[in-house]
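To start, the structure itself, in structure tokens.
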Amino acid sequence: MATQIRETTFGRLVRRLSNNRWFRYPDEIDPTLWEKHLRDRAQSTTDEKHNGSSPDGTDASLPAPEGGSAGDGTRSVEDGQDVYLVDWYGPDDPENPMNWPESWKFLIAAQVCALNFVVYIASSLYVPGEMDVEQDFGVSPTVAILGLSLFSVGYGFGPMLWSPMSEMPQVGRTGIYVWTLFAFVLLQLPTGFAVNMAMFLVFRIISGFVGSPALATGGATIADVYGPARAAFGICIWATFGVGGPIFGPLIGGFVVPVKGWRWTIWIYTWMCAVCLIVLFFLLPETSSASILYRRAKRLRKGTGDHRLRSQSEIDTAHHTTKDHLLVLSRAFTLTFTEPIVFVVDLYTALLYGVLFTWFESFPLVFGDMYHFEVEMQGLVYLGLLVALLIVVPLYLLWVQRVMVPASAKPGFIPEHVLPPTWAGAIALPVCLFWYGWTARESIHWIVPIIGSSLFTIPLVTFFNGVLNYLGMSYSAYSASVFAGNGLFRALFGAIFPLFARSLFTNLGVGPGNSLLGGIAALFLPINFILYFYGPRIRAMSRHARHDE
């Protein structure tokens, strides 16, 4: 337990305040630990050479670069100078997140899921209070909707900064989670006490930007502790919490606004985030191997005075410049518009996200104006989506366990093999929109459109998880850029769709308005099948995508 607490923000702060006397690392207690590890690796390398085999695995001796030496399994040449690679102290190193107890892995995943939920719920919890905002600030309905839209824009652009920063070994992931969440909580004070609409909107977009790390790098944290194969399950659940946040928001807000007013929607999620912040501060350890090994190398250099001791991440980033970092940011835009696969996938996921956000404007029109539900009861209609999630997610995870994981272990596995579940989602999306749109009328019981809307969870779960896995496998060398571009695309559609949703459904009607969206969704239906059958050929024509022979 001390190992994990030492890696938390609390543990690192205590170490700094105590001048490293508290929560000491094993190599600080026993300075000879690293030397023992060097001897063990050197002996292992010698034995393997005598046996005629080469080392493998995470602790294997690294082949020396041309002109270098690897006599001890850790030595190489970098810029003409000897470099000793700082790695794990054997395959069972307790500081390696992959070796942590299952209880801690579960706790870390649970915290990341909770963080994803409480930040995402902040986007939509405010929605039931839009009419109060209109009256308080004397603005139009469209301007009031900007509180939702600009928050979405903020967390769309945030990952463009936070994702690359979380990959920097000097920064890591946990510090970004904790300190941005701390800033997020503080920013809710001027948001909740805003005296005019301009002030409110400015702090909403800043809040979205600052709160976005959980939405961008949570999956990476889960992969840090579970590894790629098992992470598929955790990432699916983490993504479900991200979807559940916006769905739960109007449900809670519907009960708060009539009693306490719209400002209390801000305080509700602020308290939730504050509780989450306290838990993360004390119990969320750093999980990035690059960051942990970077700090280990830094300690060893300080303790031994030998500046040749360096982690792999330091070697890899030794020559990175500001221009290189800007190139990564620009690549998120260039790949989106120059890679056909990335573009159509981003467009499709953005459509899904846009439809999800139109529910926030459509449901009040249908269940408030047509079925005459009170504000409190209008929030309950989102339970249809939540119940459907509880059905669809386990079924998808069962497919991952029974089909995808065994298939991924076979030699012929290619990225397109993760796509079959998206076929059901591609069909369900237009069906859902037509069903909901044309059954939403007073002559038909209200449960029927709720059932229709619940079908939306099928594309939401299968497409988000399947296609994001597909992008990650197809563009593994550029995954950070691809995911950042996808997140921005989704957020922009989530911001734009609510702005025209009310006018769309008011002028055209709920049936024709949803039919228009359903028709657009139907046009996208062939994409999943085209990617499955022709994806390898399309990837073969790209200089950025993975090529399969």
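Indices start at 1 and increase along the chain as displayed.
Glycine too: its Cβ is placed from the backbone N, Cα and C atoms.
A TrEMBL annotation is a machine prediction, not a hand-curated record.
Quick look at what TrEMBL annotates:
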REGION    40-77  region 'Disordered'
COMPBIAS  40-51  compositional bias 'Basic and acidic residues'
TRANSMEM  106-127  transmembrane segment
DOMAIN    108-539  domain 'Major facilitator superfamily (MFS) profile'
TRANSMEM  139-162  transmembrane segment
TRANSMEM  174-195  transmembrane segment
TRANSMEM  201-223  transmembrane segment
TRANSMEM  235-256  transmembrane segment
TRANSMEM  268-294  transmembrane segment
TRANSMEM  341-360  transmembrane segment
TRANSMEM  380-398  transmembrane segment
TRANSMEM  418-438  transmembrane segment
TRANSMEM  444-468  transmembrane segment
TRANSMEM  480-501  transmembrane segment
TRANSMEM  513-534  transmembrane segment
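Taken as a whole, the domain 'Major facilitator superfamily (MFS) profile' (108-539) shows an average pLDDT of 90 in this prediction. Listed as Cβ neighbours of the transmembrane segment (268-294) (distance under 8 Å, sequence separation of 6 or more from its ends, same chain) are residues 3-12, 86-88, 95-97, 104, 107-108, 111-112, 114-115, 118-119, 121-122, 125, 166-167, 169-175, 177-178, 181-182, 184-185, 188, 192, 220-221, 224-225, 249, 252-253, 256, 311-314. Spatially, the transmembrane segment (513-534) is not adjacent to the transmembrane segment (201-223); fewer than three Cβ-Cβ distances between them are under 8 Å for residues at least 6 apart in sequence. Tertiary proximity for the transmembrane segment (380-398) is limited to same-chain residues at least six positions away from its ends with a CB under 8 Å from its CB atoms, namely 233, 236-237, 240, 243-244, 247-248, 250-251, 254, 359, 363, 367, 373, 421, 446, 450-451, 453-458, 460-462, 465. Beyond the transmembrane segment (106-127), the same-chain residues lying 6 or more positions past its ends with a Cβ under 8 Å from any Cβ of the stretch are 147-148, 151-152, 155, 177, 181, 184, 207-208, 211-212, 214-215, 218, 221-222, 225-226, 234, 237-238, 241-250, 252-253, 262, 265-266, 268-269, 272-273, 276, 279-280, 283-285, 287, 360. If you look at the transmembrane segment (201-223) against the transmembrane segment (139-162), you find at least three C-beta pairs under 8 angstroms, all six or more positions apart, and that counts as contact. Outside the transmembrane segment (341-360), and at least 6 residues removed from its termini, the chain residues within Cβ reach (under 8 Å) are 124, 127, 148, 152, 243, 246, 250, 335, 382, 385, 429, 433, 453, 456, 459-460, 463-464, 467-468, 470-471, 474-475, 482, 485-486, 489-498, 501, 504, 517, 520-521, 524, 527, 531, 535, 538-539, 542, 545. Looking at which of 174-195, 418-438, 444-468, 480-501 has the most CB pairs under 8 Å to the transmembrane segment (139-162), the answer is the stretch 480-501.
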